[in-house]
């Protein structure tokens with residue numbers, strides 16, 4: 001009898017746990033955690049410097065060919081228009097599936113090539129492989145990051161800063177996992193890891209990433225702050241462990257321990273978000289219990305005898321009033337204009353632009369030019385850090401320190417600009433384009449330190465350049481979402497990223513690369529030497545990059561002026577309440593839910609009354 005009595009209770013307990021688990025997995029906050037994990041493995045493009053030498057030696061490439069491979073990587077990593085268009089037509093899990101398949105296939109083909117498991121591919125084959133693999137990053141960004149922005153429209157700056165920050169940390173995270181799993185510096189194993197691990201993470205969380213109806217929460221900002229503190233702890237640990245690993249020889253067990261700490265910190269947000277989802281579940285259950293009590297009272301009201309005419313008046317609803325004779329029949333809504341006929345008639349800022357309206361708007365042109373100058377200049381500095389250090393006679397091991405500083409401060413720039421711009425915008429109406437202008441101006445200091453070769457200043461330059469590079473992205477993507485709306489944000493988000501390879505090609509290849517080679521050829525001629533075919537050009541001294549970074553500084557200052565034009569054009573828009581529309585929509589949804597519950601209660605009450613009569 002005890003077993004029989006406990007069986008129903010255990011069944012009820014199982015159903016309750018099942019419902020709670022389903023609520024947690026399908027909730028908005030668990031989706032944030034899934035997006036954080038996807039972003040934390042989506043930055044493999046930043047790890048090219050760790051395996052590029054292995055590709056160069058394994059396939060016998062010269063430096064020019066390796067640079068071509070690097071440009072293909074940058075092109076694939078930033079041209080995500082296709083992923084944006086696909087996301088406009090399909091749910092996010094389709095975009096994430098395609099990205100995972102591209103990531104694995106591209107890097108796996110590279111792995112087969114460098115390990116000689118397939119015939120040596122042509123150079124254009126390798127460029128295609130790495131372009132496809134790097135393009136998967138835009139699919140991950142579109143599927144996870146864009147979806148999060150749409151689910152948290154009133155905290156978009158914070159969401160962008162936090163998720164893009166984890167992308168900045170992904171290189172350091174994957175490096176720790178690589179050392180723990182493989183215990184060596186084999187470039188082929190690293191290529192294999194960044195091929196299967198990001199794809200596996202995306203596939204695990206495919207169906208949890210989706211658009212969810214926005215429900216406003218008063219403690220939303222507080223939760224994001226908790227996630228920020230955890231990410232700061234992760235970034236701090238990574239910075240310390242990287243410095244320690246560069247100073248001492250680590251064993252396999254030591255690498256395993258550091259990777260375990262990284263994973264614990266990486267999964268720590270899950271506890272915060274599960275607690276929040278359980279709180280939401282408890283609130284819903286309390287509301288349902290209150291509603292059930294109301295139903296019980298409604299089904300058993302006190303017996304009150306009313307006169308028969310009054311009972312009939314209550315039980316039968318009054319007939320609708322007749323339409324006046326002169327009333328016109330409702331007409332069908334006017335057919336909307338074609339997307340090509342209203343290209344140059346955009347809506348007000350903040351409303352949903354079409355893709356063509358946004359692309360042909362002056363605001364987008366101004367933002368694109370500013371991004372090309374700002375991101376292009378900082379990306380040129382990051383790509384050339386190794387060569388800059390070598391030309392200025394820094395020790396060889398200092399290059400690893402420069403890259404680590406850029407990685408950590410890249411993360412700090414992203415989260416700082418995301419959180420700070422959101423707080424300043426809500427409290428003081430401080431426009432995001434003005435903050436972008438200030439970041440561009442700040443990056444000029446790092447460029448000038450490189451140009452004049454101030455002794456031991458490359459460490460400071462790495463911090464400034466890394467912070468500025470990271471800080472620009474959340475601001476750019478938030479500005480796009482605010483000015484042009486969220487309806488076609490998937491495509492417009494990826495269009496904003498196109499400015500990065502454009503600026504990189506102009507300032508890196510055409511300016512820094514050619515001026516470096518010119519100075520190197522001059523130094524070789526001064527020594528009476530002649531360059532042989534296939535021989536690498538090497539330059540030493542401040543003059544190698546001086547003129548290039550003076551030009552880059554001038555281009556960045558021009559970007560500041562262009563960005564300030566956007567500040568002037570949008571000053572009235574940012575003085576207003578740009579999030580009012582989303583609050584009204586959330587309030588309407590809550591009102592609709594309340595009305596539905598009230599209607600259900602009324603129907604239940606009427607049914608109970610009729611059953612008694």
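Each residue, glycine too, has its Cβ placed from N, Cα and C.
Because the structure is a prediction, the values reported are computed rather than measured.
Looking at 525-546, 547-568, 569-590, the stretch flagged in TrEMBL as transmembrane segment turns out to be 547-568. TrEMBL lists transmembrane segment for one of the ranges 135-158, 159-182, 279-302, namely 159-182. Range annotated as transmembrane segment by TrEMBL, chosen from 337-355, 394-412: 394-412.
Only pairs six or more apart in sequence are counted, and the transmembrane segment (227-248) with the transmembrane segment (254-274) gives three or more Cβ pairs under 8 Å, enough to call it a contact.
For the transmembrane segment (547-568), the residues of the chain that approach it from at least six positions outside its boundaries are 363, 366-367, 369-374, 376-377, 380-381, 431, 433-434, 436-437, 440-441, 443-444, 447-448, 450-451, 479, 507, 511-512, 515-516, judged by C-beta separation under 8 angstroms.
If you count C-beta pairs under 8 angstroms between the transmembrane segment (359-382) and each of 159-182, 254-274, 394-412, 433-452, 492-509, the highest count goes to 492-509. For the transmembrane segment (433-452), the residues of the chain that approach it from at least six positions outside its boundaries are 367, 370, 373-374, 377-378, 381, 388, 413, 417, 420-421, 424, 458, 460-461, 463-465, 467-469, 471-472, 475-476, 479, 542, 545-546, 548-550, 552-553, 556-557, 559-560, 563-564, 566-567, 570, 574, judged by C-beta separation under 8 angstroms.
Below 8 angstroms of C-beta separation, residues 46, 49, 165-166, 168-169, 171-172, 231, 235, 238-239, 242-243, 246, 382, 385-386, 458-459, 462-463, 465-467, 469-470 of the same chain, each at least six residues beyond the ends of the transmembrane segment (394-412), sit close to that stretch.
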